Amino acid sequence: MFASDASHEEEEGEAPVKAKRSRSEEAGGEEQVYRPVKLSRSDLYRPPTVEELNQLKEAESLFHCSLLKMQMEELLKEVALSDNRKRQIDSFIQTLTNKLTVSDLSWLAVKVPFLLVPKTTKGKFHMAPPTSVDLIGSYPLGTCTKPRVVVDLAVTIPANVLHPKDVLNQRYPRKRALYLAGLAQYLASSSDIGTMRYSCLNGNRLRPTLLLTPPDISSFSVRIHACPSPGFFKPSRFHPQRNNVRTEWYTGLQTPQSGKSSEPPTPHYNSSVLGDLLPRAHQQFLSAVSTQCSAFADGVALLKVWLRQRGLDQGTGCFNGFLASMLFAYLLTTHKVSNTMTAYQLLRNSLNFLASTDITVNGISLSKDPDSTPSLADFHNAFQVVFVDPSGHLNMCADMTACTYKQLQHEASVSMQFWDNPTVDGFHSLLMTSKPMIRTSDHVFQLCELVKLQSSCKKLNLLSELMDHSGNYVQTALPFLLSLLQQGLGQRILLLTHSLSPDPEWSVDSEAPKHKAQPPLSFGLLLRPELAISVLERGPPADSPKAAEFRRLWGSRSELRRFQDGAITEAVVWEGESICQKRLVPKQIITHLLQLHADIPPSSLRYVGAMVDDVIRTGSEVSSTGEEESLQVVQSYDDLSRKLWRLEGLPLSITAVQGAHPVLRYTQVFPPVPLKLDYSFFEREKTSRSLIPKEDKPCPAYITPITVICHMEGSGKWPHDRLAIRHIRTAFHICLGELLKKHHNYTCRPCPTHLDVWKDGLLFRIQVAYHREPQVLRESVNAEGLLVVRDNEEAQALEMATIHKPLLTSTLHGLQQEHPCFGAVCRLAKRWLGAQLFSDDITEDTADLLVASLFLQPAPFTPPGSPQVGFLRFLHLLSSFDWRNNPLVVNLNNQLTAADYIEIKNDFMASRESLPVMFIATPKDKKVSMWTKRAPSVQVKLHVLGNEQSHSFPILEPFLSAHRSPGSH
């Protein structure tokens with residue numbers, strides 16, 4: 001205990017224990033250096049206080065362990081603003097407020113942060129000092145977190161600058177932009193203001209903001225919002241079904257005088273303007289709610305961290321900190337959570353609510369007077385996601401697409417599953433691990449030339465929507481493209497996601513960037529592996545009313561086909577013979593649909609779903625990544641296994657036939673290919689009749705032997721001498737060869753250690769095993785004639801070859817059946833290890849176990865659905881796993897319980913110095929890590945995990961997700 005602890009206990013009324021001071025302090029030194037004190041027995045075993053008991057009870061009931069509680073507390077301290085940072089912010093805000101509260105603000109010519117489409121509109125503008133300057137947003141609310149600290153400042157535009165009819169035809173947004181430009185020009189002359197840049201609030205071009213960074217300080221920025229005075233515009237003017245952008249003004253073309261009723265509604269434009277009227281009301285509402293719940297700020301901070309790790313907190317249509325605060329407010333006001341809950345409980349309940357509530361179908365509202373405001377049905381008719389603010393007039397999720405909310409739902413659901421799993425480190429996985437799209441989605445593709453979306457809007461006839469989005473053709477076309485892809489991909493995908501366009505930033509001396517200047521749009525596919533590779537898209541019967549809709553969706557690719565069940569239906573057949581070709585069926589679908597319906601050519605798409613597969617691709621006629629070759633070997637092995645089981649005439653019966661080769665678990669980098677011998681290249685040896693290559697012929701191809709372990713039953717007839725056992729095994733090899741030759745006409749070659757069987761152009765190496773032989777190898781008689789049992793390398797090697805490897809092969813074979821891309825990920829991982837010259841140090845079995853962990857413990861992801869994403873996660877595992885302080889637990893067949901995990905961890909920590917540098921635990925190997933016992937060494941481990949991956953991973957992942965043109969490489 002330290003002195004600080006003692007002083008704390010003194011405040012609680014306990015007798016303090018005085019800390020000892022060094023002699024220099026007693027001599028009069030001013031600086032006090034506290035030393036650890038020795039506690040008396042009574043102090044050491046003093047009963048816990050009531051507060052300590054409550055904390056222990058809370059940790060036991062809410063957390064898997066007390067460590068998680070401490071981790072949460074440390075995380076909150078890490079993201080909270082320090083007192084020094086707050087003083088800097090307050091000082092800069094005060095300086096800025098003093099600058100803005102001036103008596104005269106003249107108008108100067110500046111760059112306006114607005115895209116003028118159309119060029120002109122009615123109205124007059126003059127510059128005047130702001131009516132008021134107010135702090136809004138997360139900083140005054142206490143929910144502002146690091147690392148991106150932005151303080152929001154609302155500047156009220158004087159009423160005489162605006163007109164009540166400015167809501168029409170972008171007059172208000174343009175005046176707002178002019179007012180911001182005037183403020184920027186005025187502030188530019190001050191030396192107290194650092195750099196200034198324009199941006200847009202959540203990517204909305206109708207709501208530009210001014211970002212200020214103080215001089216010599218880059219740790220925070222101030223974002224200035226120009227807003228009208230509260231109540232200046234009537235909220236009823238912004239009903240989702242009302243129009244505030246006239247078609248004649250926007251297009252510049254005369255339209256028939258048919259009245260306002262014929263004008264299309266402009267809900268997104270309306271919500272953009274209405275959002276500027278309500279920030280102060282929202283601030284008052286959130287402040288009132290937060291004062292009722294002591295953990296409100298901490299709960300919001302945790303949810304913001306969770307959102308940031310998933311890239312959902314920034315960009316157009318994001319779920320930002322404001323929405324996180326409003327979600328907590330909704331849960332508190334509707335009594336779905338209690339005011340007395342802790343931050344951890346608030347986070348769990350909010351994630352549970354998001355996972356179970358679909359507000360794309362049933363919106364939620366904070367309004368207490370729904371009768372005088374638009375109904376939820378009105379909002380649903382205009383927007384994809386509905387979350388209504390306390391005023392009842394604003395949909396706070398107006399810019400969010402249904403796909404973004406579905407992604408949010410999916411992430412919340414996955415997080416709850418992992419958090420409820422005691423074998424998963426929920427804190428590290430869910431709050432400390434980032435989830436970029438390239439490592440989360442199975443397939444990713446990019447729309448590189450955004451200007452093509454202009455023709456898409458024309459093709460899809462989206463003039464009304466384009467008016468509503470004020471000419472932003474990217475955000476106009478995006479929901480329709482997502483709907484089209486969702487319809488075309490159907491059951492092939494679990495989830496369709498897209499990147500959120502980042503908030504643009506540009507200098508105050510520059511023009512506002514065009515819409516096409518933003519980064520390419522990225523789309524992610526989470527696949528259903530069993531359905532994604534189907535080459536057949538079967539439609540409705542030819543006489544069904546839905547047939548016309550099916551033909552309209554697929555165009556010329558749709559054709560009538562007759563199936564084996566006699567049905568005649570519409571169908572689409574995609575190209576693909578091998579598995580690796582079928583994996584790209586989604587690419588064919590996406591390319592076809594976007595070209596047919598949106599005029600987006602294939603050259604504008606960059607598909608990165610299988611770019612790394614080329615390194616394991618084989619075959620000249622039909623391209624393959626090894627699945628077909630592996631399956632052929634497995635089928636041949638299964639046939640051999642059945643025939644071995646049925647053999648008659650053996651002295652002892654066969655109890656087990658097990659494969660012990662990587663190809664039998666689909667993980668051989670280049671699987672053996674059946675060979676047909678050309679006997680003209682060989683001559684026979686006279687004695688044994690063996691084939692010997694001729695000197696004048698080319699060297700024959702290497703034939704990979706496929707190891708098969710054949711266990712014989714136990715019997716008292718087995719000798720107890722190691723040499724005699726080997727002779728018996730040799731006799732069995734001869735007997736097996738004779739029987740296989742006799743019954744199946746296989747070419748066999750018996751040897752003392754194995755039997756080679758030539759079958760289907762493949763070589764199977766059968767090894768007879770006796771289950772007690774490892775034990776016999778451990779036994780020896782000493783000089784006194786006593787039996788001594790001592791483990792040795794020979795026994796361990798035999799046990800590994802005849803027991804552990806066959807068991808691992810059969811287990812991973814089952815994993816391959818559950819996850820079809822497991823084998824391809826293993827082959828990519830081994831290919832990479834071989835390229836780095838580490839194949840001898842990280843064995844094939846170790847590499848397979850590392851990859852298996854990605855499928856069995858994928859947190860915070862779902863199991864990989866494509867080789868590429870699995871390989872990226874393999875590199876990330878090598879680069880991020882703390883091998884020094886943690887064992888890697890591979891829970892094969894889900895045999896380990898939570899208690900086993902704790903036991904493995906405790907044993908690991910107790911014996912760390914004597915254990916391998918890379919410790920991998922399995923259900924059959926909890927304490928030794930037999931697979932990594934001999935390799936890698938410390939030097940190799942530091943090299944492969946500290947050097948090669950540090951180059952490969954940071955280079956490969958950005959390369960795959962880079963914003964490149966389709967033709968670049």
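The backbone N, Cα and C atoms fix where each Cβ goes, and this holds for glycine too.
From the options 1-35, 211-245, the stretch TrEMBL describes as region 'Disordered' is 1-35. Residue counts for the domain 'Nrap protein' (151-290) under DSSP (helix as H, G, I; strand as E, B; rest coil) come to 63 helix, 27 strand, 50 coil. Averaged across the domain 'Nrap protein' (819-941), pLDDT for the predicted model comes to 91.
Fewer than three CB pairs closer than 8 A are found between the domain 'Nrap protein' (295-433) and the domain 'Nrap protein' (613-817), and contact between the two stretches is not assigned (pairs 6 or more residues apart). Residues in the domain 'Nrap protein' (819-941) partition by DSSP class (helix H, G, I; strand E, B; coil) as 67 helix, 6 strand, 50 coil. With DSSP states grouped into helix (H, G, I), strand (E, B) and coil, the domain 'Nrap protein' (295-433) comes out at 75 helix, 5 strand, 59 coil.
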